[in-house]
Amino acid sequence: QWNLVCEDDWKAPLTTSLFFVGVLIGSFISGQLSDRFGRKNILFLTMAVQTGFSFLQIFSTSWEMFTVLFLIVGMGQISNYVVAFILGTEILGKSVRILFSTLGVCIFFAIGYMLLPLFAYFIRDWRMLLLALTVPGLFCIPLWWIIPESPRWLISQGRYKEAEAIIQKAAKINGIPAPSVLFGTAEMQDSKPQQQQKAILLDLFRTRNIATITIMSLLLWFFTSVGYFGLSLSTPDWHGNAYVNCFLSAVIEVPAYVIAWLLLRSLPRRYSLSGTFFLGGSVVLFIQLVPAELNVLSVGLVMLGKFGITAAFSMLYVYNVELYPTVVRNMAVGATSTASRLGSIIAPYFVYLGAYNRFLPYILMGSLTVLIGIITLFLPESYGNPLPESFEQMLKVK
């Protein structure tokens, strides 16, 4: 519509990159806002931001206006995803929490991804498509009266009466008798927030061992994100129907998440991650050897590559949490998540290289994924070990 071709073709990947810049900004602020104002408030505020600004995009009169609004949509999109994840893990019991944080969140993400090409196939006008993708946000409004605030967050703020009311209601719904008073004066005194040791970013590099782990973790997250988003965004360039390819790209994520969950339960982290990276990277590298007439085979290889990288991506978060001590764990996850966002920002330009050579994006993504598969083997093994509490308890690099 705005002639994003010829000398203006650089604007197309920039649009996607600026969306991911919004995702980067949203990642930074969402955790701090939810810690300060509550999980539930920020969840619904960011849902409103995503829905409202997506709706405004429909009325865009220029590429510049569309792109600025897209950046703000990115800020809302990642924020409600992260806050929903935190709220779910804090409300649910231990047995359900693991299922929710691995299979639950990931598979519902994949279902949404699958619905996208279905909507796009039947609604070819981009403004109407945006409207169709925005309307479901309104269905979240009734959830305000269903989803409770996190009792853990309320307790951390000293709001014991509100937390007690939520827990009593949960007990009543579950048919479990609960004591009339949950928090006595003694418990309130004992559970007052303790001053935690403050950590700074430089603590992630304080010794040679932790600095090595941090640098390797940043590379893992950065290149995994490039591979995942590069393959996801390249679906229109594959052989065959773009809508079917996008749907297949989403479908392959479901078995990838299930396999990742099974691997995390029963096998060492390093070998599980390295194996999925090698699988994903090597099959993507093979695409250049497939004859042009064997379209189905090349699409199949891309799918297998996406399967490997998606499985690795979903395992990385758990592995990262297990490597760092409590005092810097949040900081480490934040730093690696930032590296991941930077990877997603440059991923559209990897896809853009396909305009010069059809196989170049796959050669680069495949090579980098194999490289991080090798790097993973040098990290320490965390499977079966307790979470480290101090720097002294951190495992050593191989």
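Each residue, glycine too, has its Cβ placed from N, Cα and C.
The structure displayed is predicted, hence computed values, not measured ones.
Positions annotated as domain 'Major facilitator superfamily (MFS) profile' by TrEMBL: 1-384.
The transmembrane segment annotation in TrEMBL covers 12-30 (among others).
Within the chain carrying the transmembrane segment (42-59), a Cβ under 8 angstroms from the stretch's Cβ atoms is held by residues 26, 30, 33-34, 66, 69-70, 72-73, 75-77, 79-80, 83-84, 87, 127, 130-131, 133-134, 137-138, 140, 144, 147, all 6 or more beyond its ends. The transmembrane segment annotation in TrEMBL covers 42-59 (among others).
Under the heading transmembrane segment, TrEMBL lists 65-87 (among others).
Summarising the annotation, TrEMBL assigns transmembrane segment to 99-123 (among others).
Marked as transmembrane segment by TrEMBL: 129-147 (among others).
Within its own chain, the transmembrane segment (210-230) has Cβ neighbours under 8 Å at 20, 203-204, 277, 280-281, 284, 305-306, 309-310, 312-313, 316, 320, 323-324, 332, 335-337, 339-344, 346-348, 350-351, 361, 365, 368-369, 371-372, 375-376, 378-380, 391, 394, 397, counting only residues six or more beyond its boundaries. Summarising the annotation, TrEMBL assigns transmembrane segment to 210-230 (among others).
The feature transmembrane segment is assigned by TrEMBL to 242-264 (among others). Below 8 angstroms of C-beta separation, residues 102-103, 106-107, 109-110, 113-114, 116-118, 120-121, 231-232, 235-236, 272, 276, 299, 302-303, 306-308, 310-312, 314-315, 318 of the same chain, each at least six residues beyond the ends of the transmembrane segment (242-264), sit close to that stretch.
Annotation source TrEMBL lists transmembrane segment at 271-290 (among others).
With a threshold of 8 Å between CB atoms, the same-chain residues lying at least 6 positions outside the transmembrane segment (296-319) that come near it are 102, 106, 220-221, 224-225, 227-228, 231-232, 234, 238-240, 245, 248-249, 252-253, 255-257, 259-261, 263-264, 269, 272-273, 276-281, 283-284, 286-287, 290, 333, 336, 362, 365-366, 369, 382. According to TrEMBL, the feature transmembrane segment maps to 296-319 (among others).
If you look up TrEMBL, you'll see 359-379 (among others) marked as transmembrane segment. Residues 213, 216-217, 219-220, 223-224, 226-227, 230-231, 234, 270, 273-275, 277-278, 280-288, 302, 305, 308-309, 323, 350-351, 353, 397-398 of the same chain lie 6 or more positions beyond the ends of the transmembrane segment (359-379) yet place their CB under 8 Å from a CB of it.
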Most Cβ pairs under 8 Å with the transmembrane segment (99-123), selected from 12-30, 65-87, 129-147, 271-290
129-147
For the transmembrane segment (12-30), distant same-chain residues with Cβ under 8 A (at least six beyond the ends):
4, 42, 46, 63, 66-67, 70-79, 82-83, 229, 233, 334, 337-338, 341-342, 344-349, 351-352
Across the whole of the domain 'Major facilitator superfamily (MFS) profile' (1-384), what does the mean pLDDT come to? Round it, please.
83
